[in-house]
Each structure stands twice: as C-alpha cells, then as structure tokens.
Amino acid sequence: VTRLLHLSNSFLYNITYIFVARWEHSTRRLTALFGSPYVACYSLGFIILLLNVCRSHSMTVAMKTQPRWEVLEQTEVYYTGVVFMMAGTVLVVSSFLALGFTGTFLGDYFGILMDEKVTGFPFNLIDNPMYWGSTANYLGLALIGSSPVGLILTVIVAAAYKVAIQFEGYVF
C-alpha cells in the first residue's frame, strides 16, 4: 500500500514542477532565495532528477513484485520492449543534448532563455520528445518484464505527462 501511495504521488510531481515554475516566473522568489536564476534552476532540476529516480525505482519494484502476464511472455513482446526502450532512450538523451540542463529543467520560467527555438532532432520528429521518450522507456520495461502492472503504470505516466504538457503550453 505504501509503495502504491508513493507511486501515485510521484505521478503528480510533473504537474507540481509546472506550478513551482510558474510561481517562480511570477514572483522570482527562488531566484532571490538562491541568489541567481541559474542556481535556482539547477536546484529545481536536481530535485526533479531525484524524484524521477524515485519514481523509476518504485515502478521497477512494483513490476517485479506483481505477477507476470503469460500473454506477454513471448520473444516478440520482449524484443518489442527492447525496441521501445532503445527508441525512448534516443529521444530522452537527444532532447537533453539539444536543450541542455536549463532548457530541460524549466529554465525559461527562471528567465533563462535559449537564443532560438530548438527545431532539430528529435523536435523535428515529435513534440515533447523527453516526455514521450520516457513513456516509451516505461512501456519497454513493462513489456520486457511481462508486467500488467507496468502497462497500467505506463498509461498513468503518459496521462500525467499529457496533463503536464497542457500546463506547459499555457501562455504566461
């Protein structure tokens, strides 16, 4: 039960980040607290990274401790999961490389802007590649582990990302 509560809370983190970032944009309180928009952004980014590690660990534990689904225990499903993980990793890593740390972790809300909009790979392939790459990683992990719980959790993660995308698209 505790693990499930932790998982459900971890899915709300993405939405919380957006509210914190919006609050920072309108008040500049984190910038004042840390003395620099860069230090404030890096601090929030570090917290986001830690919480994402906790979420990934909790999902892995949930998948390993729940029964496997025999329907998914096929070689084709396993390798489909591997392909999803490879594609997801490419999307996440290439997004990070294109945006940098502050671009990835809400730097625009701290007044840290890029010179121009990033339009190269993977952004020319898919909108929000970091979110969808992460979702592909979770889906791949669920398929590799033949985990019905993993599939359900992947849908929840995708829904949380979709909500976060809607909030991020808000013009402030």
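For all residues, glycine too, the Cβ spot is worked out from N, Cα and C.
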TODO: Please verify against TrEMBL: do His25 and Met59 share a side of the membrane?
DONE: no
Task: DSSP helix/strand/coil residue counts for the topological domain 'Lumenal' (22-33) - done: 11 helix, 0 strand, 1 coil
Open item on the list: At a 10 Å cut-off from the C-beta of Gly88 (S-adenosyl-L-methionine binding site), count the other C-beta atoms across all protein chains.
Closed with: 22
- [ ] Would you mind ranking the binding-site residues Met86, Ala87 by how many other Cβ atoms sit within 10 Å of each Cβ and giving me the lowest?
- [x] Met86
TODO: May I have the DSSP-based helix, strand and coil counts for the residues of the topological domain 'Lumenal' (103-145)?
DONE: 22 helix, 0 strand, 21 coil
